[in-house]
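J.: The structure's right below; bear with me while I get my questions together.
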Amino acid sequence: MIKGLVLDLDGVITDTAEYHYLAWKSLAEKIGIDIDRTFNEQLKGISRIESLELILEHGGKDQSYSEEEKEMLAGKKNDEYKTFIERITPADLCPGMEKLLLDAKEAGLALSVASASKNASTILEQLQVKDQFTGVVDPNSLKNGKPNPEIFYKGAELLGLSPAECIGIEDAEAGIDAINDAGMFSVGVGSKESMKAANYFVENTEELDLKKMIEKAENK
């Protein structure tokens with residue numbers, strides 16, 4: 001029986017991907033690396049340091065910085081990103097998300113957020129939905145990032161549930177792999193091709209129908 005939902009943040013609850021892209025692009029330009037939106041797809045769902053390392057590798061500078069310098073660069077990106085997310089309001093909830101959260105509350109489901117973002121709590125507060133979630137997984141507590149299932153194990157744990165009692169919702173391939181490996185029913189948001197590993201997929205958040213998802217999960 002499904003008793004909880006574990007949701008990714010970016011691309012599911014709200015879409016801050018554009019802000020991440022602009023902040024990474026700005027940092028990359030400062031160190032002489034050019035990135036575009038196509039390259040940026042690789043950065044979705046992974047940690048800040050992992051993203052930076054991909055950018056450095058892309059620019060042929062993966063051996064140019066010490067670990068300490070990488071932390072400093074990642075911090076600069078985060079500072080710029082924070083100036084962007086200060087603009088977030090409840091109007092920035094993804095289409096259909098307000099209804100999904102309301103339906104989940106009425107159905108008595110527990111909710112948690114499994115995001116690689118260290119700013120997840122701040123963003124949920126600005127969206128004015130933080131009180132609808134039992135908990136937010138702290139990325140600092142994780143030994144492994146997605147596609148490792150650890151973050152979804154913790155998302156279920158925050159709810160006092162087993163992964164089998166939860167539905168995980170993601171928009172990144174690495175996230176879907178993590179949900180599947182955690183033993184949760186996976187719901188993907190995106191194209192059929194990118195979400196081919198998901199147990200069930202919708203093309204956009206507006207199509208996330210709670211009743212249908214529970215039905216699919218319980219009849220898997």
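Keep in mind that glycine also has a Cβ here, set from the backbone N, Cα and C atoms.
Quick caveat, the model's predicted, so the values are computed rather than measured.
Feature list, courtesy of TrEMBL:
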type	residues	note
ACT_SITE	ASP8	active site, nucleophile
BINDING	8-10, TRP24, 43-48, SER51, LYS77, 115-119, LYS146	substrate binding site
BINDING	ASP8, ASP10, GLU170, ASP171	Mg(2+) binding site
ACT_SITE	ASP10	active site, proton donor/acceptor
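Thinking about packing and proximity, how do these listed features fit into the structure?
T.: The C-beta environment of ASP8 (active site, nucleophile), restricted to residues of the same chain at least 6 apart in sequence and closer than 8 Å, consists of GLY45, VAL113, ALA114, SER115, GLY168, ILE169, GLU170, ASP171, ALA172, GLY175.
Its own atom aside, the Cβ of GLY45 (substrate binding site) has 26 Cβ atoms within 10 angstroms in the protein chains shown. Secondary structure from DSSP puts GLY45 (substrate binding site) in coil.
Around GLU170 (Mg(2+) binding site), taking its Cβ as the centre, 32 other Cβ atoms fall within 10 Å, counting all chains.
Around ASP10 (Mg(2+) binding site), the C-beta neighbours below 8 angstroms that are at least 6 residues distant in the chain are THR16, ALA17, HIS20, LYS44, GLY45, SER115, SER117, ASP171. DSSP assigns ASP10 (Mg(2+) binding site) to a strand in the three-state reduction.
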J.: Including all protein chains shown, what's the count of other C-beta atoms within 10 A of the C-beta of ARG48 (substrate binding site)?
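T.: ARG48 (substrate binding site) is surrounded by 24 other Cβ atoms within 10 Å.
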J.: Check each residue in the chain of LYS118 (substrate binding site) that is at least six apart in sequence and keep those whose C-beta is under 8 Å from its C-beta; list them in sequence order.
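T.: In sequence order, ARG48, ASN78, PRO139, ASN140 meet the Cβ cut-off.
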J.: Near the Mg(2+) site, what residues other than ASP8, ASP10, GLU170, ASP171 in the same chain have a C-beta no further than 8 Å from the centroid of the listed C-beta atoms?
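T.: Near the Mg(2+) site, the remaining chain residues are LEU7, LEU9, GLY11, VAL12, LYS44, GLY45, SER115, ILE169, ALA172, GLY175, VAL189.
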